[in-house]
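S.K.: I'd like to ask some things about the structure below.
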Amino acid sequence: MNTLTPADRAKYAASRAALSLVEPDMKLGLGTGSTANWFIRLLGERIRVDGIKLSAVATSDRTAALARSEGIEVIELDAAGWLDLTIDGADEVDPALNLIKGGGGAHLQEKIVATASDRMVVITDDSKLVDTLGAFPLPVEVIPLGWTASRAIIEEMLEQIDVDGREVTPRMNGSELYRTDEGNHILDLHLKRIGDPHRLSPLLNQVAGVVENGLFLGVADQIMVGYDSGQAHLLEENGVMRPVSFADGIDEQAFIKRVMSQD
Ligand SMILES: O=C[C@H](O)[C@H](O)[C@H](O)COP(=O)(O)O
């Protein structure tokens, strides 16, 4: 643990705590991002240590590649049909367990997978817990055809919405427009504060060309919060925080040494 940065210690702690929710033969959804990567590596370690069998649906090409490299059986969502549990990171979490996701451009697949699961548990460090969503720019995936028109319609629509900022910027990858796994672009909405996410989300998804926005409202069931102390708490919808212990056979030092040597 001492070799990790404080941010990675917290992500590791949340992921390790979430590992105790995994049971043999489950069909899992695997999120995308730096926190989800910790969970995927821990899941691979648990499969090696315990020999448990399970299968998983990935929410991005990156996640599928990492999961396979960890020896996790990756299947398609349509083959899985329905999932027992999805574990994923988030960019912001509010007290009602509503989320902003998509900082890594994967929120479309993440939302499909999470809503096709009995349960979604978010793994996060405590810096992402906010009173009100919106400081993190809200990602909106748009198809390339006419994306500038979609942006103009969104900008006009935002005039009627209770937010503190209205700048809409296309996400870039160097000098090129960012492309999602589906080949679409992302518009980042710099709203600063979202007064009514339940009003905003359907309005965004009604705009022609919008595929999906990064608001996850009523999707997450529980939040596993990790701290740089190495401890973790489970946050329920009623605001109750319960400490979580790590109930698995993983050798922490050996695991972290292996991960650090791969990075
Ligand atoms: O598109 C990316 C996902 O929604 C991520 O789960 C989110 O951006 C959090 O990523 P990270 O764990 O790297 O902060």
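Placement of Cβ uses the backbone N, Cα and C atoms for every residue, glycine included.
Note that the structure is a prediction, hence the values are computed from the model and not measured.
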S.K.: Among LYS53, LYS128, which residue does TrEMBL annotate as binding substrate together with THR32, GLY33, SER34, THR35, ASP88, GLY89, ALA90, ASP91, LYS101, GLY102, GLY103, GLY104?
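M.R.: Matched candidate out of LYS53, LYS128, per TrEMBL for substrate with THR32, GLY33, SER34, THR35, ASP88, GLY89, ALA90, ASP91, LYS101, GLY102, GLY103, GLY104: LYS128.
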S.K.: Note down the number of other Cβ atoms within 10 Å of the Cβ of ASP88 (substrate binding site), including every protein chain shown.
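M.R.: Taking all protein chains shown, ASP88 (substrate binding site) has 32 Cβ neighbours within 10 Å.
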S.K.: Where GLU110 (active site, proton acceptor) and LYS128 (substrate binding site) are concerned, what is their Cα separation in Å, rounded?
M.R.: 18
S.K.: Of all the binding-site residues given, THR32, SER34, which has the fewest Cβ neighbours within 10 Å once its own Cβ is left out?
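M.R.: Among the binding-site residues THR32, SER34, the sparsest Cβ neighbourhood within 10 Å belongs to SER34.
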S.K.: Any idea what DSSP makes of SER34 (substrate binding site), helix, strand or coil?
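M.R.: For SER34 (substrate binding site) - judged by DSSP and reduced to three states - the answer is helix.
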